[in-house]
């Protein structure tokens, strides 16, 4: 991922230095396992533990060797073994490259997922704050982009909060399914390494054992993870799109924060554009798109080919880095979000009370009219309001078939927006439960 969208913490996870450090963690864990089984002398293990390291200079040496070897793992093993000397012969004993690479990849993924989980928690806290702060902030609910029924901005935040909670649960599930390693040799048969080494090494690394590995940990695990990252990005795009719609000049119900000195357009000094929400929408496309090659990586030849490797070097870092970036960007948007309550009220008035059509329909059917007949009456009055300067209340009171069954007081009550929202506490209880207190 380009530097512009890379935050340091996540960028460090996917750095070359950290990758090779994780490879070294795996190699040392395997050496310790061999030592416990009496196959590596204790003094040799001690030297391996004390002498081996990875920093930027070591990474450069590995890259230089790779130019000759055309194999990054062999280059890594050669450089690390040189650090130790004679005892370096024990490094990589009985292993195949994927024993190291796939197991280390799980360690990298664990670090990356845990950062994303922290990001999600931050975002959820801000959404929750807005939900309670705007529990009674009246606005118009829209379906198909058209005014529907009264709503509150707080209820909109309840929807966002619950969706992010689902995404967090999905990520935790994907985390459980992807934190697997394997130390089982070239085709998973433990031909040059006993299962005890795998058990001891993976236990030290905090990973589970792939039950039926081949040369690799199977890529359906990683595909599930990438799909989950795409789902999280899709939710963020959904929320960002909502902000973009609500920031339209004609709507202007919410606005992204606009900081001192910020400029919106090179040509039009008046502009306040929802650029951060637009950026979220753009990067979400990249993250979501990466789930497709992840699923294609599931299809490998026989016990393994290398077609997935080049793909993962791109899609895993890019997806995590971009998602980390847009989660934090969305958090900043929420922190400074401007909610225009007065504009929400004025926009409600544009529909002239037509949002009450459903309640008038119910009232008429309760008076004994058939639903079809009542529907025709209400629609007739609604169309008159749309096509004239009159309010819905006025057209209802002018219609003798309405006033034959409904009093003005009943119509007034039906037009009260809070009549639509009397059960909002129930929604909050469902979403927040004990947190309501």
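The backbone N, Cα and C atoms fix where each Cβ goes, glycine too.
Copied over from Swiss-Prot, here are the features:
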ACT_SITE  144  active site, proton donor/acceptor
ACT_SITE  265  active site, proton donor/acceptor
BINDING   4-5, 70-72, 96-97, 215, 266, 271-273, 310-314  N(6)-(1,2-dicarboxyethyl)-AMP binding site
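Taking the recorded positions 4, 144, 313 in turn and counting surrounding C-beta atoms within 10 angstroms, the largest count is reached at 313. Most Cβ neighbours within 10 Å, among the binding-site residues 97, 310: 97 holds that distinction in the structure as shown. With a 10 A radius on its CB, residue 71 (N(6)-(1,2-dicarboxyethyl)-AMP binding site) counts 13 other CB atoms from all the protein chains.
A gap of 36 Å separates the Cα atoms of residue 144 (active site, proton donor/acceptor) and residue 4 (N(6)-(1,2-dicarboxyethyl)-AMP binding site). DSSP classifies residue 313 (N(6)-(1,2-dicarboxyethyl)-AMP binding site) as helix under the three-state reduction. The secondary structure of residue 144 (active site, proton donor/acceptor), as reduced to three states from DSSP, is coil rather than helix or strand.
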